[in-house]
Amino acid sequence: MASVVEIREVTVAFGGLRALRGVDLDIAQGERLAVIGPNGAGKTTLFNVIAGDIAPTTGTVVIRGQDCTRRPSRHRPRLGLARTYQKARAFAGLTVRENIYLALAGHRGRHRALWRTPADRAMGDEAADVADRVWLSGQLDELAGELAHGQRRQLELAMAIATRPDVMLLDEPASGLSRGERERLVELLESFDDRLTLLLIEHDMDVAFRIAQRVVVMADGEQVMAGTPDEVRADPHVHRIYLGTEAA
Amino acid sequence: MNLRARLTGEPLALAGLVLFLILLPSLATAFFVNFVMTQTLILGLAAATIVFLSRYGGMTSLAQLLMFGIAGFMFGNAALDGGARGLNLGWHPWAAVGFAIVVTTLAAVVLGAIASRTTGIYFLMLTLVYGVIGYFVFAQIVEISGPGGITSIQRPDLLGPPVRLYYAGLLLSVLAYVGFRALRRTAFGLALQGVRDDPVRMASLGFNVPLHRTLAFVLAGFVAGLAGLLNVWWNGQIDPASISIGPTLILLIIAVIGGISSLEGAWLGAFVYVLVFTYLRDLPLVDRIGITEARFNTVIGVIVLAIMVLSPEGLTGIARRLPVRTIRKELGGTRA
Ligand SMILES: Nc1ncnc2c1ncn2[C@@H]1O[C@H](COP(=O)(O)OP(=O)(O)OP(=O)(O)O)[C@@H](O)[C@H]1O
Ligand SMILES: [Mg+2]
């Protein structure tokens, strides 16, 4: 079966620093994959490469059979890909509804009208539905810049799920959430359609291991090991480089 | 943001102000209307394009006066005939208007596309370079600027009497204000604000960020061009010095005095500037305290400084801090 995302020999160098050193990764459709690893391991950089925010220094990125190595990020939504950012970066000066609306409008490529159209109103209503799914209906008309931290993460998630992507990349969706919020997040992630391909970076092992079918462990820009949650949990090597670092 | 506040607050105040301005010619002297107010509306309209780009697009443009000037020069070249300076195309005035608008808009397309990949200080510097280059183009190619400017420019018959020009300025100002405000909620306006807040994020949502910036620049250039037409009709002439670096900065200063993040501030800033420029020199004793013609810019500078220190958001920022604000808040708050 063809992979949805194929990463081949990807390296990323920031000046002298090599954030990724020859990463290979194949992600099948409908797979739930968690990427874990200590700070600075290159997890976010890997996401940036897949999402087109950074072009790899060497190597190739193929998404749904199309070579996307040098294609800028704005072509990704049309390929059915959506992402969240580790540091929530919703549009501070716009409301929750408007933020989600923009996610919808960007995906549908209709965003140059100089007046409000029925389609805009429909997208506004759709945005309200999406906000409801991430428990933000009470904040629809609040400015994103004025949301509490947890709500900002929820908005980040809303903007990713709004377009019903086929491939979703979530960068530490649980960070900074309360226990209750984490529980709700896991429930939401478990409710996704089976066909959705989900890549998850997560420091919270509990969340990562409950969602993932496969876990990739990264350290120093390289994949250290990969396996089922149980295999990874049992691996002493992982304990040393990752869980050890966490404890430190 | 409740409905009541929307229906009663700002639109009502705006309607009242517009009504007052419509009646103004029968209340005030011809000088005040045709000199002070017409100039205020023209400069306000031009400065509003700076505010629009800055507030919605996060782009501080120093090229707006160039757009203003291009429209003026193009009208002068196209409308005049025989013996006058410039190209003397001798077209019908409204054909000349169309020509001026088209050239200005095309220039905005090209300049906007080039600038669309820059932000912040780089955008500011690039548009400053546009302004400087534009000035030299007009200063050195005398075929299109006439040696020492194009003079004796007539306005179209429709706008013959000076008070009609005032009304034209008022009409365009109201349209631009309402239009820019309405744009905030449209697909284009929201996308533009997204580009202002986080262009990288906008790209990953599927938006063509440079295209959005270019379109905003074109729209602003178009409106600045309209202001430039009014200006050339009001002045009856245009010369390269009027789009040199000094006036370019003055237009930015007008936007800043009013408050670079509020549209109404553009006209407020223009009003204050024109008032100071018109009346300060006539005050008794000003030359005794050392304010001579040559030091006039220093006075403007000090006024700008004082406003900036009192309120970084300019005059509208000061106005918002007046006690009225609490009432507004109770009504649901304003996010103008
Ligand atoms: N734009 C950049 N410019 C320079 N260096 C960068 C850039 N982005 C990341 N890096 C560096 O690359 C390395 C990998 O960073 P990355 O953000 O991918 O780590 P991470 O695994 O996501 O870590 P964390 O768990 O802290 O989020 C780090 O050393 C980081 O400082
Ligand atoms: Mg990271």
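Every residue, even glycine, has its Cβ placed from backbone N, Cα and C.
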- Query: Out of B:188-209, B:298-319, which range is noted as transmembrane segment by TrEMBL?
  - Reply: B:298-319
- Out of B:40-58, B:65-82, B:94-114, B:121-142, B:165-183, which stretch has the largest tally of CB pairs under 8 angstroms to the transmembrane segment (B:214-234)? B:94-114
- Message: If we skip the immediate neighbours and take only residues 6+ beyond the ends of the transmembrane segment (B:165-183), which ones have a Cβ under 8 Å from one of its Cβ atoms?
- Response: 14, 18, 21-22, 25, 33-34, 37-38, 41-42, 44-45, 48, 52, 56, 155, 159, 189, 192, 223, 226-227, 230, 233-234, 263-264, 267
- Non-local residues, at least 6 beyond the ends, that sit with Cβ under 8 Å of the transmembrane segment (B:65-82): 46, 49, 88-91, 93, 95-97, 99-101, 103-104, 107-108, 130-131, 134-135, 138, 144-146, 150, 152-154, 220-221, 224-229, 231-232, 237-238, 242-243, 247-248, 251
- With Cβ distances under 8 Å as the criterion, find the stretch in B:40-58, B:94-114, B:240-260 that has the most pairs with the transmembrane segment (B:121-142). B:240-260
